[in-house]
Amino acid sequence: MRRFVFEHGCFVRVACLVLLVGFFIQVTGKIWIGSGSARNSQVYIWLLLPTLISLCFLRYFNISKFFCAADASWVLFLFWVGASAFWASGADRDAISLAKRGGLIALYILSIRLMILSNENYFRRVLLAAVATVALGALISLVNQYLILDRPLSYRAFRIDRSGIKDFANFGWPVAAGIFHGALSLWALGVAFDSKVSAKISAFWFSVFAVLAVYVYFTFTRGAWFALLAGSVAVVLFQNSKRGWGAFLVGGGLSLVALIFYWPQLMTEFSEKQLSGRGFIWAHYLSVMKGFWFFGHGLGTPFSYHWPGSNAVSPHAHSLYLQQIYDSGIVSLILLFSVLLVVFKKAWNFIGGKWVSLAMPPLIFALVAMLTDVERIFTRPGDYWTVFWMPVAIILAVSKRSSQ
């Protein structure tokens with residue numbers, strides 16, 4: 001599958017070097033590019049456009065080797081969700097603008113495949129460099145907020161989501177910050193628990209994980225907490241190393257202590273606050289879904305829950321799976337599960353491979369986080385490309401040779 005990439009010489013290799021730059025920008029852009037439009041423009045220029053040009057170049061060769069039957073699952077999902085924009089009502093964007101996001105995601109998936117097929121070692125280095133860069137941003141944010149600005153440390157007294165230094169590392173909302181940093185932390189933990197790396201490298205990447213995990217903790221995003229716990233257990237299982245199992249025993253004890261410490265707050269959340277009011281949101285969701293279960297309201301149709309006695313409005317269903325049905329119906333959820341089925345089957349076929357061991361825990365993190373927090377995965381370039389589509393694309397790109 002990879003031989004044809006090298007057969008076409010300099011063009012593809014140069015293109016893939018450009019893609020690596022674009023990939024680094026896509027993952028780390030929120031740390032050092034404050035403007036969302038400027039950040040997306042850089043992703044278009046350095047990552048998506050070169051991918052499109054490369055695919056146009058490759059069409060003159062045996063492109064059938066580049067695609068496989070498994071691609072039909074995510075193509076159908078993206079097509080259906082994009083098509084649902086055409087029966088939406090009240091959308092603040094036109095249907096074509098919303099639907100073309102599927103094309104952008106497709107290019108992102110294929111860009112990762114191109115990079116892995118061209119030089120997977122370079123791709124791995126750039127991916128880990130991006131994780132380390134995000135960890136540096138998290139460390140600067142923690143130091144500035146809690147040591148310099150002296151923010152309170154008590155439960156939810158202050159929820160970190162930015163550095164406090166102009167627009168540097170500004171994620172705009174604690175939930176988004178917690179999910180993004182939690183997903184990337186598991187890539188670091190995967191390297192730390194890899195039995196093939198030296199003790200010094202393992203210690204470095206565990207410290208990177210620790211910084212990101214502390215950041216996630218101080219976002220006080222409970223969905224990210226539980227997802228990080230599930231993802232960490234998955235890292236231990238997939239890496240299956242002495243380091244991992246040793247850390248699992250220590251981490252399990254610390255988690256038990258934390259559970260005992262926060263038990264009163266957790267009981268309050270479940271019994272009185274209903275998970276920050278999600279119970280009320282979900283009850284409203286059921287009332288507005290009558291007659292729309294199969295096809296959904298259409299991508300872009302506003303979801304609004306107006307809180308009684310307040311001007312506050314919840315703009316989404318606080319569950320990716322419920323929001324997916326609201327937007328594009330049960331059909332889209334079935335198609336999403338078909339994508340996941342293909343990915344899990346691929347992971348099973350290459351179980352123990354380096355990419356599967358690294359990418360599956362972040363994907364499990366995403367699936368858990370999506371239960372209560374993630375709004376949509378059908379978006380323009382952003383956090384949820386890194387959280388969900390990146391591990392999906394990496395696993396789909398795995399070949400027999402790359403899994404070694």
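Positions of Cβ are set from backbone N, Cα and C atoms, glycine also.
Given the structure is predicted, the values throughout are model-derived calculations rather than measurements.
The domain 'O-antigen ligase-related' annotation in TrEMBL covers 208-337. Summarising the annotation, TrEMBL assigns transmembrane segment to 12-31, 43-61, 73-91, 98-116, 122-147, 168-189, 201-218, 245-264, 285-305, 325-343, 355-372, 384-399.
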Might you confirm whether the transmembrane segment (12-31) is in contact with the transmembrane segment (122-147), defined here as three or more C-beta pairs under 8 A between residues 6 or more apart in sequence?
yes
Sequence gap of 6 or more, Cβ distance under 8 Å, 3 or more pairs: do the transmembrane segment (168-189) and the transmembrane segment (325-343) meet that?
no
Could you tell me whether the transmembrane segment (384-399) and the transmembrane segment (98-116) have 3+ CB pairs under 8 A, leaving out pairs under 6 positions apart?
yes
Reported in the order helix, strand, coil, what are the DSSP residue counts of the domain 'O-antigen ligase-related' (208-337)?
93 helix, 4 strand, 33 coil
Among the recorded stretches 245-264, 285-305, 325-343, which has the greatest number of Cβ pairs closer than 8 Å to the transmembrane segment (384-399)?
325-343
Quick one: average pLDDT across the domain 'O-antigen ligase-related' (208-337), no decimals.
88
